[in-house]
Structure formats: structure tokens, C-alpha cells
Amino acid sequence: MLSRIYNRGVYSCLRSDFGGHSVRTLFQLKTDPMTQKSRPSSDMAKFRECLRKAKHIVVLTGAGVSAESGVPTFRGAGGFWRKWKAQDLATPEAFKSNPSLVWEFYHYRREVMASKRPNPAHIAIAELEKRLKPQNRRVVVLTQNIDELHKVAGSENIIELHGNLFTTRCTKCGDVSSNKDSPICPALAGKGEPDPEAVDAKIPVEQLPMCKKDSCRGLLRPHVVWFGEGLDEEILRQAGEELDACDLCLVVGTSSVVYPAAMFAPQVAARGVPVAEFNIEETPTTSSFG
């Protein structure tokens, strides 16, 4: 049976006084070498001791971190854009059959994100990295979010597992480029209204975002990982190296149901590394330590 405590937030554990919203904190102690079973605990003194000693910290973050900044999660009963669920649009098949609709959806998300700012959790993680860097201690963020709020907050060591909303990839030449144009193309100006009664723009393909290389001019797509796609092999390699090297793992604001990220914390704990979970509710990762 996991013990539970409520505190003032992940930020209060990373620096002296952050305030913020309550979260449930579940701290997993080192694996018992005799039983190979993790022993859950809510002893914050032990957590702070592990944090004080850690030389290489991996912070795995998910949608729950950015939700506090007002970023739509497109999950649950209210997780619709117009009449569509995100998983209906965030697929290669949807983009192939209706690139205009998919780009409207992502244009809406880009425009919404332009007004969002990092919240205390983003800032706490960034300040932890900044504070430990002069001590030759490493903090790296492995995020499933595509909103780059960790970067805006000041984090430098970031691995974006699922890509970036403000990066595009050419479907013809493969060029990957940062793109913060607003709108991303003239035809999308004023489009993307999420109202279920909104009429699809049906923008011709040649008016959608196109590769800026004169020799190409191929159709661009968001450089994000869609449902049914695998993670980039180089990204997986980088993440694996960080996970293998870490001596403390923090799991913050993620439901731990999307693979392969769902296995990261259990794999780290299996080799005896402390894992601390900061979530409002228990997750599959929580139960995997029981």
C-alpha cells in the first residue's frame, strides 16, 4: 500500500519556497536488492537527501506540467477540437487525407501557445538546473510536451521526445526547421476556430505551409510524433544515455501511459535508482513500484 502526502507542489521540493498548487507526491525508495521490489515512501526528508546527493537528475515531464499554464491537453470529456479528438487528427493518415484540416488544428494550437507562459513548475526545474550546473551536477528534462515551455523557462538540457509544435518537417526533402511565423502561412490567418459549428477551411494544398527551399517547395507538416509513428532513433538514443547515467529520476505531470516513455521510470527504478513521482493522481507508474 503506497503512503501518500500532499505538499505545496514539486517546486517546493526543488527550492525553498515556490507556493503553487497541491499535488500528490509519491517517493519511491531504492530497490531492495533482496526482493527487487521498490519500497514506496512519502518521506520528504529522504527525498531531499537524495536530491542533495544526486549528480545526474532526469526529469520526465508530461501534459500535467503544461496544463497549469493553460495549455489544452485534448484529453477527457472536454478534449475535443471541433468534433474531433486529437488522436483523430494527429495521425499520418489524417494528414494524408485532409492536410488542410490537420493544419487548422495545429495552427490553432500554435496560436494558443503563443500566449502561454511557463508556470512555477517549469521555472523550478529550470532553476534547479541553473543552480546545480556550477557544481558539475547535471539536470536534463525528458519531456513528452511539444510546447517548448521548458525552453522558455530557461532549461537548457532538454530532450523533446515527441517533437516541437514550432518546428516543421518537409514531407518531400525532410528538412527540419524552426518556424514561429504567426500565422504560419497567409491562408491559415484567422482559421482554426475550435467551435464545433465552425466550418472547415478546405485550404488548397499549395496554399498550406510549404518548404522554403526554392528547389523543393514540398508540403510541410508539424515536426511532432503522431499516433502510429515511432520516436526518432537519435532522440531515443539520447534519452537512453541520460536514463542509464542518472542517479535520480523525477516524474512530473505525466499519466505514464504513452510508450516508450511509460517504461522509463520503471526501468530506472529496476536498477536501484530513486524515482520520485509528482502527480495529482496515482498512475500506472505508481502501481508498478508496489
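Every residue gets a Cβ built from N, Cα and C, even glycine.
Unlike curated entries, TrEMBL annotations are predicted automatically.
As given in TrEMBL:
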- His162: active site, proton acceptor (ACT_SITE)
- Cys170, Cys173, Cys211, Cys216: Zn(2+) binding site (BINDING)
- 37-290: domain 'Deacetylase sirtuin-type' (DOMAIN)
Including all protein chains shown, what's the count of other C-beta atoms within 10 A of the C-beta of Cys211 (Zn(2+) binding site)? 20
Quick check on the binding-site residues Cys170, Cys173, Cys216: which one has the highest count of other Cβ atoms within 10 Å of its Cβ? Cys170
Quick check for the class: what is the C-alpha distance, in angstrom and rounded, between Cys170 (Zn(2+) binding site) and His162 (active site, proton acceptor)? 17
His162 (active site, proton acceptor) to Cys211 (Zn(2+) binding site): how many Å between their Cα atoms? 21
What is the total of other Cβ atoms whose distance to the Cβ of His162 (active site, proton acceptor) is within 10 Å? 21
Would you mind pulling the DSSP three-state label for Cys170 (Zn(2+) binding site)? strand
